[in-house]
């Protein structure tokens, strides 16, 4: 091992190189507002931004001279005692003797006044005398139509007036005076707006306040019951669109046209039974038409639906050679929408049932004495098996929709009947539901 290798292992400088002094690195300057200990902890990774907060505001730079203010006396024109007050104002305003600038905020409401003749002709009332009416209008002018204050201050011998009585009397008198002095046909826009603002219905106001009193005096049990009914009503309303869509899907499964009847007609067993009978009759007619016209099969890969090609009727049409008919069993020829490559087992092409309905479909097949696994899956056997499987799925879907409609009808009937509102939610959920007689025992 050479000396150069030894120096390299111990990281020693070569013999000819002297000790070089490292240049002093000028570190970053400690920003103002940061302590020395904190800055030393930062090291080379200093903060990207240094926040510097000034301690004092800058002196405003203004070349204008200070304005002269004087202690000036003034009087409020709205006061009747001729009181003299003082306040600081600019000297220019004091010399101009401008009016008191807050005088414009001292406004009063416009309240209709009436004469003796108008009262005798228009305003007489058996329950109200002229003196009491004058007293009411006086309080209205004094308290600026703050009827809560007016009702608190109102005191008239042998009369106990409510807030609604005071409002009704005031607005009735004001409307009669306004319409008598200004006919409705000749009123301006401001007068029409004023007349509309004086509309007051005493009976409706009393009913509203009684309703609020009853609403505020409810017990916690009544509040909980109303909240539960409100939540149930919202749930039913939110499911209306879903129920309608499910109903349309059921009708499509039954190969029926969309009915225009009300949904209530299908909430009873008689309505559902009539619907099923109509569907069975329509299916028989459809099968009879298919035997004479087309060869129908499910889109499961076992076979397909292909119509028999029509014979050309025109003389100029080109001659086409037609093969054997699909209904001819002797030819042994079948038509398919898509040919699969390679060999496959026909039973593998049978469409699978939903996972949630597999057990129910197999249980129904066991009741009918049909095995869930085909022993001889020929084309016709597979076709019939798929048809039976689809019919069972349709009937199970009908049963589910019937149970749902029955439950919703029972809940809505209980909500509409006040005698049944006290029933517990468990009684509503465990209510009797009618069973649908599917008639699977007669299916061949």
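Placed from the backbone N, Cα and C atoms, the Cβ positions cover glycine too.
According to TrEMBL, the protein carries these features:
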COMPBIAS  1-10  compositional bias 'Basic and acidic residues'
REGION    1-37  region 'Disordered'
COMPBIAS  25-35  compositional bias 'Basic and acidic residues'
DOMAIN    124-176  domain 'Myb-like'
REGION    408-444  region 'Disordered'
COMPBIAS  435-444  compositional bias 'Polar residues'
For the compositional bias 'Basic and acidic residues' (1-10), residues assigned helix / strand / coil by DSSP | 7 helix, 0 strand, 3 coil
Average model confidence [pLDDT] within the domain 'Myb-like' (124-176) | 92
Three-state composition of the domain 'Myb-like' (124-176), taking helix and strand from DSSP | 34 helix, 2 strand, 17 coil
